[in-house]
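Here is what Swiss-Prot records for this protein:
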type	residues	note
REGION	1-26	region 'Disordered'
DOMAIN	39-713	domain 'Myosin motor'
BINDING	G132, E133, S134, G135, A136, G137, K138, T139	ATP binding site
REGION	586-608	region 'Actin-binding'
DOMAIN	717-737	domain 'IQ 1'
DOMAIN	738-763	domain 'IQ 2'
DOMAIN	771-961	domain 'TH1'
REGION	945-1020	region 'Disordered'
REGION	1047-1082	region 'Disordered'
REGION	1130-1242	region 'Disordered'
Amino acid sequence: MGISRRPKGNNNASAAESAPSGKPNIQKAQFDTTKKKEVGVSDLTLISKVSNEAINENLKKRFDNREIYTYIGHVLVSVNPFRDLGIYTDAVLDSYKGKNRLEMPPHVFAVAESAYYNMNGYKDNQCVIISGESGAGKTEAAKRIMQYIANVSGGSNSSIQEIKDMVLATNPLLESFGNAKTLRNNNSSRFGKYLQLQFNAQGEPVGADITNYLLEKTRVVTQIKDERNFHIFYQFTKGASQAYRENFGIQQPSQYLYTSKAGCFDVDGIDDLAEYQDTLNAMKIIGLSQAEQDEIFRMLAAILWTGNIQFREDEDGYAAVVDQSVVDFLAYLLDCDAGHVIQAITIRILTPRNGEVIESPANVPQALATRDALAKAIYNNLFDWIVERVNKSLTARSATSNSIGILDIYGFEIFEKNSFEQLCINYVNEKLQQIFIQLTLKTEQEEYAREQIQWTPIKYFDNKIVCDLIESMRPPGIFSAMKDATKTAHADPAACDRTFMQAISGMSNPHLTPRQGNFIVKHYAGDVSYTVEGITDKNKDQLLKGLLNLFGQSKNQFIHELFPHQVDQDNRKQPPSAGDKIKASANDLVATLMKATPSYIRTIKPNENKSPTEYNEKNVLHQVKYLGLQENVRIRRAGFAYRQTFDKFVERFYLLSPKTSYAGDYIWTGDSKTGAMQILKDTNIPVEEYQMGVTKAFIKAPETLFALEHMRDRYWHNMAARIQRVWRAFLQIRIEAATRIQRMFRKKREGKEFLELREKGHQVLQGRKERRRYSLLGSRRFMGDYLGIAATTGPGSKIRGSINLPANEATIFSCRGEILETKFGRSSKLSPRIFIMTKAKFYIVSQQLVNKQVQIAVEKAIPLGAIKFVSISTCRDDWFSLGVGSPQEADPLLTCVFKTELFTHMQGAMPGGGFNLKIGDSIEYAKKPNKMQLIKVVKDSQQAQDHYKSATIHTQAGEPPTSRSKPLPKGKPVAPKPFTSGRLIKPGGPGGRPSKLTNGNRPTPKPVPSPAAARPVPTPAAAAMPIPAPIPAANPIAASIPVHTRNPSLQSAQSTRAVPPPPPPAPPAPPPAPASKEPQYRVLYEFAGQSANEFSLKQGEIVTVLQKETNGWWLTKNVRGQGWAPTAYLEEVAPPPPPPIASRPTPPPPPGPPKMNGANGAAVRSKPTPPAPPAKRPVAGRKPAPPPAPRDSGMSISSNGSGNNSGRSTPTPSLAGGLAEALRARQSAMQGNAKKEDEDDW
């Protein structure tokens, strides 16, 4: 499909950028006051030296400058700022919509935009893996991703908006039940969460699903000093309603053992009361009924009261309850018998291998352990129920097409005492690190080798050996050893621990070191020492049968939902251990993540004090090392940013090549690999930017991929623009055709009204008054309001405002005229006036000059009904009188060139039709009140105009009184104006080809300059005559109003020709050749590039610097290619001095006076000869230098000497470009005038 030419004047910058061969539409640069200067590098792949220390230094620079995000290719590194930087506002969010990651600074919104765009564009499931240690900001990053996707995913449907609100409401709800304050983080996630957002084919969210992992249920019963239990307990005890306090016995957190044991009740930056309200609001949004909320808080109260049960030793050494009332209230909350509660806690049911059931009284430590197990079981199952209930509300409303997963799981943990919980957490983090290695390091390099891509292998640490150490079955790993030890000595926890330690000591693994009472595992994040004591008992994860019996005896239906399984007293089969469960969950999570396209966010904790200004370089360096950022940078710098199979690549980008697509249809008949190569060729992608593998196409730089995506996005816009352009042209043609028809119709209709009014004028005069020849012209029309008094703008509106003409009086006639003023002791005198007639009155308006300012005032306002008669003569004069008969004032005697039209309008506006027109040999009027006088009108052929003297008016003889107006003259025939000229359709036509009807596109032959010897010498032109300056008007209003006077009869002034101006000065010397804008540098030392993007240099050669960076590397270029080179190896070469400028020739002497030709006195001079072109043609692409003294002489080079240009002078073209340039300028001016004439209406 051919590229259509856009019409002129369409400033579509994006379309211009999308055309590979088009010139970019560069807009005016503006200073951006919001953009900060970049500190360090925003992408670590651009760092000058690849090392852990250099990465740490760059992160520190950016952290100190409030820049917390940095890229490693498509991986985002985030440093926790421990403060609000104001970078998550709606304005910031909107700025990342539809932008690729290179268009905007690094941000978590850019990762979310990329995941959402790729899901819609490629129809692949996406996932965002957020990793890092506890307190590094993983939960905050997950919330911001959810915020962005909910904002950009669109959808105005109420169900879609409901899903968005529910997804966002899961954050405060699950945080209150699953987060807690630790020594390292005030809002630490004590559970893992994988949120999967489900979308339909249009990219709208229709559902979601949450999977939780590894809830730290031991925190319910014990916390170390200065830590807290889960947030919900403090929210509930501080903010519970009065009904909850009365029904559930809720008191302050200091009254419960589980919330007061660590001695921390309040946390800086956390408002428990406000967050409690947020939790209740989230429950309502998700759809939890009030009954369900009541049951949830009943279980929380039961857990709190369970912790307050205390035991003492009885006389037999067994456990006995200290306060029976606490047990009674707990039984009330669990809706069961208090005796069953005491029996479940103080009596242990054992089932040996022989099948005998033994009930053994528990001592105080055993009873406390059973009590805590009861509380942990209730909270763990309550949390699972809440997650299931949320998933029920988030069930997909319609069919799902793709999904975006967000993994937020607590990070790597190392404490002074690490047990089973830390082993499980660190194991899951090892699995996530293994995914990262598999997808970014190992799999990538294996794929390069498999696809036969040129590649230099990079060494990295594969943590699979650590994962096998923990989860392997053969040879037995740590989880298998725990399970075997439990089978061997399941009744004695201490014996189980000893058996497990013996198994650990027998293992042979370089990443495992046994010690006395503990063992050390060398994780990817560091060495961790795990305590063996109690580790096997935690691995059992068994709820005692006595507690299960207690839950079964409860009458509360909600408890049966929390513990749905019935107790089988005869089942002695060992249930799955906690290690088995977490291993199965971790493997399921890995399988889910491997099915999606991952995006990575690596979070870093800058210090252990939660300080917004402290940056602990030692701790951050450790995190940089175990996160493998250095290896990631090396692979990203040498790798390929994008790879796709040939089939999918062609399916995605076939629109970009005319050989693979036509009008959106796929027309390629060859194989996919050849088609992919054809697409890259037609889009002008350099061969260095991609490689073709066996089954996939590999693109090196992400900028190349973004360019392809941009061109694909603009394809449909460009096609739509073509259709719209043709459709708009068609509509414009119809509109223009209709406009022409309407214009002609209105012209005929309005002209008919004016002609009818003119015919009425003949009837008003009754055929008794001689007519002026100009009054009978066929083009004469009765326009009425000649001064524009009824207009809203212009000088007429200013007159209307000056005389305060009422808005309800419509002006039907206005013009300028004169009135005869009679003064005592002096002869009568004509004075100018303004006549305005409305449907009610006739106004005589005077203008007087007071203090050099014109004052406009109403001199007389005569009601039309007060006019008894109008007196005129039978001659062709313009005089008439208004017979008012006022006893105080004389009748006005007026003269007006539009008298007949005035009488016609007056007859139509006169109330009751009482218009009395007296026509006689003299004009009758009251010169003084009640004193009539006659003004004689005589014919005098010597008077060119009407002349008044001594009560007599002298005028010439006119046309016969019975004369009629001549017919309307026919217009001058003109050729019909085509629709493809002027502004209707731009040059190029709607189809992109030159229009056949326009003359502007015809090729013009270029003038060939003649030899210098054959060129005639130009003749000096006559000097221009000085033009007197016009006299300024006294007032702009008066100057802008037309004066209605008769032209001198049969007299005309002889037109004089304007004297042509002198020739322009001699052209200046041609400008020197432009120096190179790009600086040149000489190579001082030999430099051998170490990577693909480093440019090898040879000593002494000259290179051009294309881009300068502050990190010590510049982008250089020469004939061999381009690449990055160290700045210390280069020295700038001074540019050569410009050549000397030749002196300008002396201008010619002033010309003499022009020769006069005979009687008419017209100036005659010979035809000027074009001046000689400059000696050297100006450099292409540069403007010719203008003459030193610009003048507007009003002449053209091809002029014939006439200066009459109807008031418009053509600007003098510059002669510095020679004859050819002058002729081209003249031709452009002529074409411009012709175009303007074509655009004029009929």
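Cβ atoms here come from the backbone N, Cα and C positions, even for glycine.
Feature map: annotations from Swiss-Prot on the structure.
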{"residue": "G132", "record": "ATP binding site", "Cβ contacts under 8 Å, 6 or more apart": "S78, K138, G411, F412, R602, T603, I604, K605, Q623, L627"}
{"residue": "E133", "record": "ATP binding site", "Cβ contacts under 8 Å, 6 or more apart": "G411, F412, E413, A525, T603, K605, Q623"}
{"residue": "S134", "record": "ATP binding site", "Cβ contacts under 8 Å, 6 or more apart": "T182, R184, N185, S188, Y410, G411, F412, E413, K605"}
{"residue": "G135", "record": "ATP binding site", "Cβ contacts under 8 Å, 6 or more apart": "N80, T182, R184, N185, S188, G411, K605, K610"}
{"residue": "A136", "record": "ATP binding site", "Cβ contacts under 8 Å, 6 or more apart": "S78, N80, G411, T603, I604, K605, Q623"}
{"residue": "G137", "record": "ATP binding site", "Cβ contacts under 8 Å, 6 or more apart": "S78, V79, N80, T603, K605"}
{"residue": "T139", "record": "ATP binding site", "Cβ contacts under 8 Å, 6 or more apart": "E175, N179, N187, S189, D408"}
Message: Checking distant contacts: for the domain 'IQ 2' (738-763), what same-chain residues at least six beyond its ends satisfy Cβ-Cβ under 8 A?
response: 780-783, 900-901, 903-904, 907-908, 964-965, 968, 1241-1242
Statement: Apart from the site residues G132, E133, S134, G135, A136, G137, K138, T139, the 8 Å Cβ neighbourhood of the ATP centroid comprises N80, N185, Y410, G411, T603, K605
Assigned element (helix, strand, coil) containing T139 (ATP binding site), judged by DSSP: helix
Task: Note the mean pLDDT of the domain 'Myosin motor' (39-713), expressed as a whole number.
output: 89
Query: Just counting, how many other CB atoms are there within 10 A of the CB of K138 (ATP binding site)?
result: 27
Field: Composition by DSSP (helix, strand, coil) of residues within the domain 'IQ 1' (717-737)
entry: 21 helix, 0 strand, 0 coil
Query: By the DSSP assignment reduced to helix, strand and coil, which category contains E133 (ATP binding site)?
result: coil
Query: According to DSSP, how is the domain 'IQ 2' (738-763) divided among helix, strand and coil residues?
result: 26 helix, 0 strand, 0 coil
